[in-house]
Amino acid sequence: MKETVHFTKMHGAGNDYIYVDTQLYDIPNPGKAAIAWSAYHTGIGSDGLVLIGKPQNGRRADYSMRIFNADGSEAMMCGNASRCIGKYLYEKGLTRKETIRLETLSGIKILRLHLQDNKKVVDSVTVDMLKPRLENPQQFRGPSVLEADGRIFEGTYVCMGNPHFVTFVDDIDTIDIAHYGKILERDEAFPQRCNIEFAQITDTDIIRTRVWERGSGITMACGTGACATAVAAALTKRAGRKSSIVMDGGTLEIEYSEADDHVYMTGPAAFVFEGEIELEC
Ligand SMILES: N[C@@H](CCC[C@H](N)C(=O)O)C(=O)O
């Protein structure tokens, strides 16, 4: 049997996902749908699938988000998708709130919408990404050194709900991130695999970053990755507590607050197109 599902394609700094409202459509096997629909030649084409729904704990959050990478694996958090959900909910009239509590597998994230055009349009969104963690369950922590195909990568492990290894390099424009990213993602330090950020300071508090995402490969931007990069740069004194993370698809402004140690991410969100696709039931 087949069901027709309405979807919305959105991107945040070029990190593109397919969004489905699970209040309208049941997606019983989201991992399988993510693989089929993310394929560029035979599906819609995207970095993965995002399900918007009602939260488990309805009193504490307004809506929920689940995120599936293009390989069907489920992640705990997605920074770019959280901003897109803020725009989706507000501009589609599902909420009039300018501050939205979003339930994710890594806690409730607060989205603050920045409105324009007589409060009709969400121009950008600031997300409270909570506190970073510097250790993974295998006690792999903080600044470390990994090797990939004979090259040494010094980096910092930062968990922003999902895991990141941020490595500062001096050849950001030429380094083969597909080659090294694929190897580092599956380093034995990361039994759950890892997102890899290659970063280079280009000016005071300006950090050029290229991303290899666990489960999706090279993406044009990663929100949690931008936060992890800013935290790693601040901890290693390469940058201050506020930095601009310049990725292939756009720039995110990150503040690693001294007041509460939370990370605040600000950036754009955009609609791309709407459509309908068949789901094998
Ligand atoms: N692009 C995302 C992160 C998506 C999940 C990631 N690939 C993982 O598996 O942890 C972002 O904007 O944060």
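Keep in mind that glycine also has a Cβ here, set from the backbone N, Cα and C atoms.
Going by TrEMBL, these are the annotated features:
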- ASN15, ASN69, GLY79, ASN80, ASN162, ASN195, GLU213, ARG214, GLY223, THR224: substrate binding site (BINDING)
- CYS78: active site, proton donor (ACT_SITE)
- CYS78: active site (ACT_SITE)
- CYS222: active site, proton acceptor (ACT_SITE)
C-alpha spacing of GLY223 (substrate binding site) relative to CYS78 (active site, proton donor), in angstrom | 7
Using the recorded substrate site (ASN15, ASN69, GLY79, ASN80, ASN162, ASN195, GLU213, ARG214, GLY223, THR224) as reference, state which further residues of the same chain have their Cβ within 8 Å of the centre of those residues' Cβ atoms, listed in sequence order.
-> ALA75, MET77, CYS78, VAL211, SER216, THR219, CYS222, GLY225
What is the Cβ neighbour count of ASN162 (substrate binding site) at a 10 Å cut-off, with all protein chains included?
-> 24
Can you check what DSSP calls ASN162 (substrate binding site), collapsed to helix, strand or coil?
-> coil
What residue among the active-site residues CYS78, CYS222 has the most other CB atoms lying within 10 A of its CB?
-> CYS222
Other than its own, how many Cβ atoms are within 10 Å of the Cβ belonging to GLY223 (substrate binding site)?
-> 27
Name the residues of the same chain, 6+ apart in sequence, whose Cβ is under 8 Å from the Cβ of GLY79 (substrate binding site)?
-> GLY12, VAL127, MET129, MET160, CYS222, GLY223, THR224, GLY225, ALA226, CYS227, LEU252, MET265
Same-chain residues six or more away whose CB lies under 8 A from the CB of GLU213 (substrate binding site)?
-> ASP47, ASN69, ASN195, THR219, CYS222, GLY225
For the substrate site as recorded (ASN15, ASN69, GLY79, ASN80, ASN162, ASN195, GLU213, ARG214, GLY223, THR224), determine the largest distance between any two Cα atoms, in Å, rounded to the nearest integer.
-> 16
Tell me the Cβ neighbour count for ASN15 (substrate binding site), meaning other Cβ atoms within 10 Å of its Cβ, over all protein chains shown.
-> 31
Quick one: what's DSSP say for GLY79 (substrate binding site), helix, strand or coil?
-> helix
